[in-house]
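> First the structure, then my questions, so here it is.
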Amino acid sequence: QGKKLSDALRISAYVFSTGLLVFTALVNSASWFMQNITLGNFWQTAWLEFYDHMEGDEWTIFLIGAALVPALAFWGFNGILLVADITGKPTFITRYRIQLGKNDPVDRKKLYKAIYTALGNQFFISFPMLVPMFYIMQWWENTFSKELPTFQWFLVELSIFTVVEEILFYYTHRLAHHPVLYKHIHKKHHEWTAPIGVVSIYAHPIEHIVSNTLPVMTGPMIMGSHIVSISAWFSIALVTTSISHCGYHLPLLPSPEFHDFHHLKFNQCYGVLGVLDFLHGTDKMFRQTKAFERHKVLLSLTPLSESIPEPPKKDE
């Protein structure tokens, strides 16, 4: 167990440090460009102009940042995927399908049900949950500050948000697979053994509260984050979970193989990062598959289903 913990920490440190260095270099370059070309702090100026335009109405600012912007990010990204799911075009997307032959094309009846449920979860669960969150953030007296957090601090917050989400999502998700809870709650989400992006929030209302929404909201509430940080984090979380469910292993995007395998096998790969799955041994089967070999960022235009194909079946 000690060796497993050491390996998990080493892998996590490598992934976080590499990503942090690359991301910091890119953003610092972008920040330098914005600072020198626009002759001022672009984002700080933009935030102050927006704040003044809204006349400091904190509730409206919170709704726009925590609800509208993430919702637009979610449906904008999934809108593109839905075109591919329904029409089979463009082939640039569909040729990267993970489970070949599935959702080709997607079942329209199942799709409409998923969209209606996703919209219902957003409007009747996620948005109302922002009300108590708003008062918690007001208590911190930092969320609507006229001074934006530094990019370095945002990176610290993002790391904490990710760890909190991993812990809460892993254990609530695994609990949802208990036979009693699975039958009445989580089975709805697993109607899709080959998921698509919008299915990321296709869930029973209780599951949407406990496993989908609270793990994402908790980090900012603990940290007393600025509304800009909250908006960015919610948008990242929604797009990331859409990628995990999208069914396509697209170039340069995070690998969805881990969670796609969970939908295929049900009792593997419960987490987001995979660290807790490694510690608890809930990824052993996954690590013995071709899906694990494909679980990486695709840096070429050749689909991994072609470069790392499944072995032929015995009867073939």
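Just so it is clear, glycine is given a Cβ too, placed from its N, Cα and C backbone atoms.
Keep in mind that TrEMBL annotations are predicted by a computer and have not been checked by a curator.
What TrEMBL records for 160-282 is domain 'Fatty acid hydroxylase'. TrEMBL lists 12-34, 59-84, 118-140, 152-171 with the feature transmembrane segment.
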> If you average the pLDDT over the domain 'Fatty acid hydroxylase' (160-282), what number do you get?
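Taking every residue of the domain 'Fatty acid hydroxylase' (160-282) together, the mean pLDDT is 96.
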> What same-chain residues lie close to the transmembrane segment (152-171): Cβ under 8 Å, and 6 or more beyond its ends?
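Non-local partners: 16, 20, 23-24, 211, 214-216, 218-220, 222-223, 225, 229, 232-233, 236-237, 270-273, 275-277.
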> By DSSP assignment, list the helix, strand and coil residue numbers for the domain 'Fatty acid hydroxylase' (160-282), in that order.
87 helix, 1 strand, 35 coil
